[in-house]
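Chemist: Submitted below is the structure of interest, expressed as structure tokens.
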Amino acid sequence: MDQNNKKVMVTGIKPTGDLTLGNYIGALVPFVNMQDKFDECYFFVADLHALTTGDIKPSELHKNRRDVVAFYLACGLDISKVNIFYQSEVMEHGMIQWLLTCETAIGELERMTQFKDKSQKMIKQANGTEKIPTGLLMYPTLMAGDIILYDADAVPVGEDQTQHLELTRTLIKRINKRYKLNFKTPKSFIPEVGARVKSLSDPTQKMSKSEKSSKSTIYLFDEPREAYNKILKAVTDSENKIYVSEEKQGVLNLLNIYAALKKISLEDSEKHFINKNYKELKEEVGQLVFDLLTDIQTKYKLALEKVDEITEKGAKKARVVASQNLNKLMKNMGFK
């Protein structure tokens with residue numbers, strides 16, 4: 001099949017912190033569901049993006065990279081259908097970022113909501129200035145490069161990444177017009193249920209890998225009984241009636257988790273619990289989480305043995321396509 005006619009999907013996960021139930025429902029499960037819907041799928045570990053936090057330790061980065069790949073495999077990604085690799089092992093990512101950075105106005109980067117939000121959380125130095133990594137500002141041009149290198153048709157993104165993808169689309173249109181290229185402008189999509197997995201202690205906030213309170217988050221490495229107990233202690237409200245309502249964020253969060261793990265609709269999840277109380281809701285959700293972690297941790301341990309071989313092969317395949325698209329851009333920019 002001609003490369004231009006192939007339907008291509010690209011996505012990645014940053015290896016910063018342990019993966020959570022939110023990552024599983026919001027990213028890993030949709031990834032597995034998508035692998036049969038495209039001609040080519042590129043799943044990478046976004047280890048270059050991980051450096052934008054400014055504080056990740058080398059030992060932590062090394063371990064987290066391998067963990068992400070192992071969980072990719074444990075959750076059901078089929079290496080006969082997808083390419084799994086480390087972003088840093090395809091050097092074209094760094095090169096194309098520089099080219100795209102030179103096509104981007106600094107105001108476009110400073111307007112990114114995620115840059116503003118994360119900048120405000122950075123620790124101030126002794127002289128009162130903020131210690132903001134330059135990489136945080138440049139994050140969107142690296143992300144744009146990730147997408148352009150594989151000429152993606154579709155990019156699954158979280159709600160906090162939609163603005164970055166819009167900038168990517170703008171940059172693609174810009175370089176296509178300026179350099180007479182024909183890179184595709186990718187479409188985005190957000191998994192309906194998975195995107196809404198919330199903190200167990202504050203269900204108005206999303207479940208996060210960086211959450212300071214471990215009680216708020218279910219980690220895929222959690223001991224299953226510990227995770228079960230976290231669900232039992234999840235914040236709800238005093239009404240003790242189960243129904244879908246934006247006014248009942250804690251209950252809605254548990255119903256969403258139940259629906260996602262049972263692979264049913266939110267409406268069917270609500271019907272299942274219509275005559276039950278909060279204790280029963282938490283116990284059933286907790287048992288599903290217990291069973292999930294027991295299964296996935298067993299598969300993770302087996303998958304770890306295959307990580308190095310799979311990522312080496314994946315990077316080799318990715319480089320072929322990435323180098324072709326980078327060369328096309330560089331030629332039209334006058335470098336070749």
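Positions of Cβ are set from backbone N, Cα and C atoms, glycine also.
From TrEMBL, for reference:
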{"type": "BINDING", "residues": "LYS14, PRO15, THR16, GLY22, ASN23, GLY158, GLU159, ASP160, VAL197, LYS206, MET207, SER208, LYS209, SER210", "note": "ATP binding site"}
{"type": "MOTIF", "residues": "15-23", "note": "motif ''HIGH' region'"}
{"type": "BINDING", "residues": "ASP146", "note": "L-tryptophan binding site"}
{"type": "MOTIF", "residues": "206-210", "note": "motif ''KMSKS' region'"}
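Could you place the listed features in the three-dimensional structure?
Modeler: Classification of ASN23 (ATP binding site) by DSSP places it within a helix. Long-range neighbours of ASN23 (ATP binding site) (same chain, six or more residues apart, CB within less than 8 Å of its CB): ILE13, LYS209, LEU220.
Residues belonging to the motif ''HIGH' region' (15-23) score a mean pLDDT of 90 in the model.
For ASP146 (L-tryptophan binding site), other Cβ atoms within 10 Å of its Cβ number 27.
Secondary structure of the motif ''KMSKS' region' (206-210), assigned with DSSP and counted as helix (H, G, I), strand (E, B) and coil, comes to 0 helix, 1 strand, 4 coil.
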Chemist: Secondary structure at LYS14 (ATP binding site) (DSSP, helix/strand/coil)?
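Modeler: The residue in question, LYS14 (ATP binding site), is coil (DSSP, three-state).
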Chemist: Mind checking which residues of the chain, 6+ beyond the ends of the motif ''HIGH' region' (15-23), have their Cβ under 8 Å from one of its Cβ atoms?
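Modeler: For the motif ''HIGH' region' (15-23), the sequence-distant neighbours (Cβ-Cβ under 8 Å, at least 6 residues beyond its ends) are 45-47, 50, 53, 56, 61, 64-65, 67-68, 71, 194, 197, 206-210, 217-221, 227, 257, 289.
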Chemist: I'm trying to understand the geometry here, so how far is the Cα atom of VAL197 (ATP binding site) from the Cα atom of ASP146 (L-tryptophan binding site), in Å to the nearest whole number?
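Modeler: Distance between the two Cα atoms comes out at 26 Å.
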Chemist: Where does VAL197 (ATP binding site) sit in the DSSP three-state scheme?
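Modeler: The three-state answer is coil.
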Chemist: Would you kindly give the Cα-Cα distance separating MET207 (ATP binding site) and ASP146 (L-tryptophan binding site), rounded to the nearest Å?
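Modeler: Distance between the two Cα atoms comes out at 25 Å.
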